[in-house]
(Lines of atoms letter the chains of each structure in order from A and count residues from 1; the text may use other names and numbers.)
(Lines give C-alpha, C1' and ligand atoms only; values in the text may rest on other atoms or scores of the structure.)
Protein backbone atom coordinates (compact mmCIF):
# COMPACT_ATOMS: atom_id res chain seq x y z
CA UNK A 1 0.00 0.00 0.00
CA UNK A 2 2.81 2.43 0.88
CA UNK A 3 4.49 1.74 -2.46
CA UNK A 4 1.24 2.39 -4.27
CA UNK A 5 0.77 5.70 -2.46
CA UNK A 6 4.31 6.80 -3.31
CA UNK A 7 3.75 5.94 -6.98
CA UNK A 8 0.50 7.91 -6.97
CA UNK A 9 2.23 10.89 -5.40
CA UNK A 10 4.91 10.81 -8.10
CA UNK A 11 2.23 10.80 -10.79
CA UNK A 12 0.33 13.65 -9.13
CA UNK A 13 3.47 15.81 -9.22
CA UNK A 14 3.13 16.05 -13.01
CA UNK A 15 -0.58 16.94 -13.06
CA UNK A 16 -0.51 20.70 -13.42
CA UNK A 17 -1.42 22.57 -16.60
CA UNK A 18 -0.65 26.08 -17.67
CA UNK A 19 -1.44 27.80 -20.97
CA UNK A 20 1.40 30.16 -21.77
CA UNK A 21 0.81 32.48 -24.68
CA UNK A 22 1.75 35.98 -25.91
CA UNK A 23 3.46 38.58 -23.77
CA UNK A 24 2.37 36.75 -20.60
CA UNK A 25 4.55 33.76 -21.38
CA UNK A 26 7.40 34.71 -19.05
CA UNK A 27 5.12 35.66 -16.15
CA UNK A 28 3.10 32.49 -16.47
CA UNK A 29 6.22 30.34 -16.55
CA UNK A 30 7.36 31.92 -13.29
CA UNK A 31 3.94 31.38 -11.74
CA UNK A 32 3.96 27.79 -12.94
CA UNK A 33 7.37 27.18 -11.40
CA UNK A 34 6.27 28.67 -8.09
CA UNK A 35 3.05 26.70 -8.15
CA UNK A 36 4.87 23.48 -8.90
CA UNK A 37 7.36 24.15 -6.13
CA UNK A 38 4.58 24.73 -3.63
CA UNK A 39 2.76 21.60 -4.75
CA UNK A 40 5.93 19.52 -4.47
CA UNK A 41 6.55 20.81 -0.94
CA UNK A 42 2.98 19.88 -0.04
CA UNK A 43 3.37 16.39 -1.50
CA UNK A 44 6.66 15.83 0.30
CA UNK A 45 5.03 16.86 3.57
CA UNK A 46 2.14 14.47 2.93
CA UNK A 47 4.59 11.64 2.20
CA UNK A 48 6.45 12.38 5.43
CA UNK A 49 3.21 12.30 7.41
CA UNK A 50 2.23 8.99 5.83
CA UNK A 51 5.55 7.51 6.90
CA UNK A 52 5.09 8.80 10.44
CA UNK A 53 1.57 7.37 10.57
CA UNK A 54 2.83 4.02 9.30
CA UNK A 55 5.40 3.96 12.11
CA UNK A 56 2.67 4.46 14.72
CA UNK A 57 0.62 1.70 13.09
CA UNK A 58 3.61 -0.65 13.25
CA UNK A 59 3.95 0.16 16.95
CA UNK A 60 0.28 -0.68 17.52
CA UNK A 61 0.65 -4.01 15.72
CA UNK A 62 3.75 -4.85 17.74
CA UNK A 63 1.99 -4.05 21.01
CA UNK A 64 -0.99 -6.17 20.00
CA UNK A 65 1.24 -9.11 19.09
CA UNK A 66 3.06 -8.81 22.41
CA UNK A 67 -0.28 -8.67 24.24
CA UNK A 68 0.42 -5.25 25.71
CA UNK A 69 -2.25 -3.74 28.00
CA UNK A 70 -5.26 -2.57 26.02
CA UNK A 71 -4.86 0.89 27.54
CA UNK A 72 -1.46 1.25 25.83
CA UNK A 73 -2.85 0.14 22.48
CA UNK A 74 -5.81 2.51 22.83
CA UNK A 75 -3.44 5.38 23.62
CA UNK A 76 -1.44 4.72 20.46
CA UNK A 77 -4.64 4.48 18.43
CA UNK A 78 -5.87 7.81 19.78
CA UNK A 79 -2.51 9.37 18.91
CA UNK A 80 -2.76 8.05 15.37
CA UNK A 81 -6.35 9.20 14.93
CA UNK A 82 -5.67 12.68 16.26
CA UNK A 83 -2.37 13.32 14.49
CA UNK A 84 -3.03 11.63 11.15
CA UNK A 85 -6.83 11.26 10.86
CA UNK A 86 -6.94 10.95 7.08
CA UNK A 87 -4.06 8.52 6.67
CA UNK A 88 -4.51 4.96 5.46
CA UNK A 89 -2.60 3.81 8.54
CA UNK A 90 -5.15 5.41 10.88
CA UNK A 91 -7.98 3.71 9.01
CA UNK A 92 -6.23 0.34 9.11
CA UNK A 93 -5.54 0.61 12.83
CA UNK A 94 -9.12 1.64 13.56
CA UNK A 95 -10.53 -1.24 11.50
CA UNK A 96 -8.29 -3.60 13.49
CA UNK A 97 -9.55 -2.08 16.73
CA UNK A 98 -13.15 -2.48 15.57
CA UNK A 99 -12.54 -6.16 14.86
CA UNK A 100 -11.05 -6.65 18.33
CA UNK A 101 -14.00 -4.96 20.00
CA UNK A 102 -16.46 -6.97 17.90
CA UNK A 103 -14.83 -10.24 18.94
CA UNK A 104 -15.08 -9.10 22.56
CA UNK A 105 -18.79 -8.34 21.99
CA UNK A 106 -18.26 -4.65 22.75
CA UNK A 107 -20.43 -3.74 19.82
CA UNK A 108 -20.99 -0.11 20.74
CA UNK A 109 -17.23 0.52 20.78
CA UNK A 110 -16.78 -1.30 17.48
CA UNK A 111 -19.60 0.78 16.02
CA UNK A 112 -17.85 3.99 17.08
CA UNK A 113 -14.59 2.92 15.47
CA UNK A 114 -16.26 2.09 12.17
CA UNK A 115 -18.18 5.36 12.08
CA UNK A 116 -14.90 7.17 12.68
CA UNK A 117 -13.37 5.45 9.65
CA UNK A 118 -16.34 6.38 7.46
CA UNK A 119 -16.07 10.01 8.55
CA UNK A 120 -12.32 10.36 8.08
CA UNK A 121 -11.25 8.07 5.26
CA UNK A 122 -12.30 8.53 1.63
CA UNK A 123 -10.45 5.59 0.08
CA UNK A 124 -13.10 3.60 -1.80
CA UNK A 125 -12.04 0.16 -0.57
CA UNK A 126 -11.78 1.24 3.05
CA UNK A 127 -15.15 2.99 2.83
CA UNK A 128 -16.73 -0.22 1.55
CA UNK A 129 -15.08 -2.37 4.22
CA UNK A 130 -16.07 0.00 7.02
CA UNK A 131 -19.66 0.25 5.80
CA UNK A 132 -19.96 -3.53 5.51
CA UNK A 133 -18.47 -4.16 8.95
CA UNK A 134 -20.71 -1.47 10.46
CA UNK A 135 -23.70 -3.22 8.91
CA UNK A 136 -22.60 -6.49 10.52
CA UNK A 137 -22.07 -4.86 13.93
CA UNK A 138 -25.52 -3.27 13.82
CA UNK A 139 -27.07 -6.53 12.60
CA UNK A 140 -25.52 -8.31 15.57
CA UNK A 141 -27.34 -5.82 17.81
CA UNK A 142 -30.58 -6.31 15.83
CA UNK A 143 -30.52 -2.66 14.79
CA UNK A 144 -31.87 -3.60 11.40
CA UNK A 145 -32.85 -0.18 10.07
CA UNK A 146 -29.53 1.32 11.11
CA UNK A 147 -27.70 -1.60 9.49
CA UNK A 148 -29.52 -1.09 6.19
CA UNK A 149 -28.77 2.64 6.33
CA UNK A 150 -25.06 1.93 6.84
CA UNK A 151 -25.11 -0.46 3.89
CA UNK A 152 -26.55 2.30 1.69
CA UNK A 153 -23.16 4.04 1.85
CA UNK A 154 -22.20 4.95 -1.76
CA UNK A 155 -19.30 2.80 -2.95
CA UNK A 156 -17.62 2.00 -6.24
CA UNK A 157 -19.30 -0.64 -8.39
CA UNK A 158 -16.57 -3.20 -7.69
CA UNK A 159 -17.43 -3.19 -3.99
CA UNK A 160 -21.23 -3.02 -4.30
CA UNK A 161 -21.75 -6.83 -4.10
CA UNK A 162 -20.18 -6.84 -0.63
CA UNK A 163 -22.81 -4.44 0.69
CA UNK A 164 -25.66 -6.09 -1.23
CA UNK A 165 -24.86 -9.48 0.25
CA UNK A 166 -24.79 -8.06 3.77
CA UNK A 167 -28.12 -6.35 3.09
CA UNK A 168 -29.44 -9.78 2.21
CA UNK A 169 -28.17 -11.02 5.58
CA UNK A 170 -30.04 -8.23 7.36
CA UNK A 171 -33.28 -9.06 5.57
CA UNK A 172 -32.79 -12.78 6.15
CA UNK A 173 -32.36 -12.14 9.88
CA UNK A 174 -35.77 -10.45 9.81
CA UNK A 175 -37.25 -13.38 7.86
CA UNK A 176 -37.94 -11.09 4.91
CA UNK A 177 -37.15 -13.73 2.33
CA UNK A 178 -38.11 -11.81 -0.80
CA UNK A 179 -35.94 -8.82 0.06
CA UNK A 180 -33.09 -11.14 1.02
CA UNK A 181 -33.39 -13.07 -2.25
CA UNK A 182 -33.40 -9.83 -4.22
CA UNK A 183 -30.20 -8.54 -2.62
CA UNK A 184 -28.43 -11.89 -2.77
CA UNK A 185 -29.37 -12.19 -6.43
CA UNK A 186 -28.11 -8.70 -7.26
CA UNK A 187 -24.88 -9.37 -5.39
CA UNK A 188 -24.33 -12.64 -7.25
CA UNK A 189 -25.04 -10.97 -10.59
CA UNK A 190 -22.46 -8.26 -9.98
CA UNK A 191 -19.85 -10.47 -8.32
CA UNK A 192 -16.92 -11.57 -10.55
CA UNK A 193 -17.15 -15.14 -11.79
CA UNK A 194 -13.87 -16.08 -10.14
CA UNK A 195 -14.77 -14.57 -6.75
CA UNK A 196 -14.20 -16.91 -3.81
CA UNK A 197 -17.44 -15.65 -2.25
CA UNK A 198 -19.76 -16.88 -5.00
CA UNK A 199 -20.20 -20.38 -3.56
CA UNK A 200 -21.24 -19.13 -0.12
CA UNK A 201 -23.55 -16.54 -1.66
CA UNK A 202 -25.18 -19.20 -3.83
CA UNK A 203 -25.74 -21.31 -0.72
CA UNK A 204 -27.51 -18.38 0.94
CA UNK A 205 -29.72 -17.99 -2.12
CA UNK A 206 -30.57 -21.68 -2.28
CA UNK A 207 -31.45 -21.80 1.41
CA UNK A 208 -34.24 -19.27 0.85
CA UNK A 209 -35.80 -20.92 -2.20
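Every residue, even glycine, has its Cβ placed from backbone N, Cα and C.
Of the listed segments 24-42, 43-61, Swiss-Prot assigns transmembrane segment to 24-42. For the repeat 'TPR' (161-194), the model's pLDDT averages out at 93.
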